[in-house]
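Quick look at what TrEMBL lists:
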- 37-56: transmembrane segment (TRANSMEM)
- 68-87: transmembrane segment (TRANSMEM)
- 99-120: transmembrane segment (TRANSMEM)
- 141-162: transmembrane segment (TRANSMEM)
- 248-267: transmembrane segment (TRANSMEM)
- 279-296: transmembrane segment (TRANSMEM)
- 302-321: transmembrane segment (TRANSMEM)
- 333-352: transmembrane segment (TRANSMEM)
- 358-377: transmembrane segment (TRANSMEM)
- 389-409: transmembrane segment (TRANSMEM)
- 415-433: transmembrane segment (TRANSMEM)
- 438-462: transmembrane segment (TRANSMEM)
């Protein structure tokens, strides 16, 4: 019976994470691949998990065992008409102005019920097992490790095995089969309990552990919530920070989540590998270093800073999850315990995914939670504090206090809402953990200073704005009078404000670079070509940036930009930051929304040139370079039109994907990698870039096919055609 219950929990957890990743893969492209999309998905799944745990708690509290089995058997049948899982096509977004609510509703109608039913498994099956007459049933919490092991394998197997090897349709069908298997396993567990109910009333803990035997108090429940909230919030904070500010590595969001699950597995194991309290002595210094690095913008060398943040996540999560495991109640209150863990997870997810983007203009939620974790360390010792902690905690608080003073901008109370939220969190934690007055006062002072810390006080940042899609900063270089738009660590455009250079295209778009050569060739085609002797009259650009490309516009042309993020449009249109759009000889039309969806609205053969500039960060919108997407572009392109794609990318080698597209659609494709510019060119803000151009016929390339700088794009063995059903990022990761 133990094997059956453990296997069922393993399968349910595996399916639970499989469906999260599968649905996220379906949705991510529709919103530009932003890390915030994954955070919102995770927040939604945490909320539905909470509902599943609440159902399990209600079921076990209100019904007798056999009634529970019958009731849950009926609930297991409810998702069957909705399988296999598919996104509701009638919910596609027409505007990205309010994507969060749309995303939550899409998830609810597409996957809400199947996920809810699977989510009930962990607490319900453990409670059922606790009622069996089995030697291990006195303390069934070790089964939580089996569940988290399934979650871990589901998380790791999806990007490594499932996604590269199975198309989306087959993934959906396979998950539906897995759900049927899970249904059979759960019914088997119910049969065991029906036939061998064992002890139905005596659910006392074993003598080897010290869980709570009395009914949990409100204080106990508050502690469980906070102990679950902090690691949950920290998980999303680390993920957002690392994937935007340190290294925008594809699929990297899976690493913090794997660490988070690992801490659950270790903390709830029958015999944890080491006590979580052994981390107490050194943790204050580690957390202090992380907070200072965050506030002082220390992001290099990434090879050292990145692991440091991951170690911090592991240490904090293991410490608080270990405390959760130590404070677990009698199995009689097991479902209630998991319910409050789920509440903490949801609060953490909502704080990071929903509240933080509205409250903070930067990833302030991450250092804030680190500070709160630091202040709670003394409360994790029920008896005496280790001598190491007595030494390192005051030292850390002193270092943190001094470091925050560096960024203190006296009298600047513009972030009153952030201050209010910070103090409210501290006020809520005080009664739960019975903080001493000194710790409370110290925490309040630290949060005041944290609230006041402003990187802009260090100079160089004109504005910082945050949207659902990311955090943007406009930087000003005083010496060269350059304005730069940063999205995380990725440059999305640059403009010189020196006299005579304001209309000069910079970075990836310089006149001497590949895209500059394309516009030059189209404006004055080589003799003997069949290209019309006039520049393209109708130009579409997928991705606005700061509007640099419109510097190539000529009177009489029509230019249309497709941009998913309203904040980007606002920054590019503000003359205080960038003037490409305002100074252009033509008036550009800017269409908000996903480029592929909005492009469907255009009439056939609407454009003579389509420029795609959406792949410079790791969060590439995969759906823009599938066979179906390219077919759409060709329908909207004139017969002699060109498609130019900027594939400059630090982590992904995109040319094999585009080569497979060209071969499949019988297109002529050239590429040019404009290598590192000279020192003089770097001074003039020109960057290396990599571009691909497509044409139906070689004669339409305006002589670029005879330019030695442009080379034919050749397919790479083993890299298969990307479609709406299949893509594989691991295959094109740079070494």
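Backbone N, Cα and C define each Cβ position, glycine as well.
TrEMBL: automatically predicted annotations, no manual curation.
Across 99-120, 248-267, 302-321, 333-352, the stretch most heavily in contact with the transmembrane segment (141-162), judged by Cβ pairs under 8 Å, is 248-267. If you look at the transmembrane segment (302-321), the same-chain residues 6 or more away from its ends with a CB under 8 A from one of its CBs are 227-228, 230-231, 234-235, 238, 241-242, 246-247, 255-256, 259-260, 262-264, 266-268, 276-277, 279-280, 283, 286-287, 289-290, 293, 370, 373, 380.
Outside the transmembrane segment (333-352) by six or more residues, the chain places 39, 42-43, 46-47, 49-50, 52-54, 56-57, 60-61, 122-124, 126-127, 130, 140-141, 212, 215-216, 221, 224-237, 240, 324, 365 with a CB less than 8 A from a CB of the stretch.
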